[in-house]
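Visitor: Annotated disulfide bond per Swiss-Prot: C13-C115, in sequence order, evidence recorded as a curator's inference. As annotated by Swiss-Prot, motif 'Involved in PIP2 interaction' applies to 81-97. The phosphothreonine annotation in Swiss-Prot covers T111, and the record cites similarity to another entry as its basis.
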Amino acid sequence: MSWQAYVDEHLMCEIEGHHLTSAAIVGHDGAVWAQSTAFPQFKTEEMTNIMKDFDEPGFLAPTGLFLGPTKYMVIQGEPGAVIRGKKGSGGITVKKTGQALVIGIYDEPMTPGQCNMVVERLGDYLLEQGL
């Protein structure tokens, strides 16, 4: 299965009638492996900061998580494994695997829990596959 198929079929899939706004799988180096059409253009520095938060949990808390034009307030995640962010009625979930970051961005009517489930399910699967 191609990386694009993972994004299209596993991240952008329908959950209780709702979809993520956008999603991507990005290497630890910031290289995009696959993304949905609406996934924001981001700076390499933004991915570097996300990776730093996985290594040093709490690193992003004072400044927020920036991805493209959006700043998310970092909320409770799982140190070293999952970063969650909130902005208005939407937010972001980032799951770290051995080689990649699985990223999902949502807005109402999708809930934070639905976004977490979709992103973390694929992230856990990739971890099981040694990726």
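Start at 1 and count along the chain as shown; that gives each residue its number.
Backbone N, Cα and C atoms are what each Cβ position is placed from, and that goes for glycine too.
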Visitor: According to DSSP, which kind of secondary structure is C13 (disulfide bond) found in, if we only use helix, strand and coil?
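Guide: Its secondary structure by DSSP: coil.
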Visitor: Please average pLDDT over the motif 'Involved in PIP2 interaction' (81-97) for the predicted structure.
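Guide: Here the predicted model's pLDDT, averaged over the motif 'Involved in PIP2 interaction' (81-97), is 98.
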Visitor: Can you name the residues of this chain that are 6 or more positions from C115 (disulfide bond) yet have a C-beta less than 8 Å from its C-beta?
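Guide: The list for C115 (disulfide bond) reads L20, G91, I92, T93, G104, I105, Y106, given in order along the sequence.
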Visitor: Would you list the DSSP helix, strand and coil counts for the residues of the motif 'Involved in PIP2 interaction' (81-97)?
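Guide: Taking the motif 'Involved in PIP2 interaction' (81-97) as a whole: 0 helix, 13 strand, 4 coil.
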Visitor: How far is it from T111 (phosphothreonine) to C13 (disulfide bond), counting Cα to Cα, in Å?
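Guide: Roughly 14 Å, rounded to the nearest whole number.
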Visitor: How would DSSP class C115 (disulfide bond) in three states?
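Guide: Going by the DSSP assignment, C115 (disulfide bond) falls within a helical segment, counted as helix.
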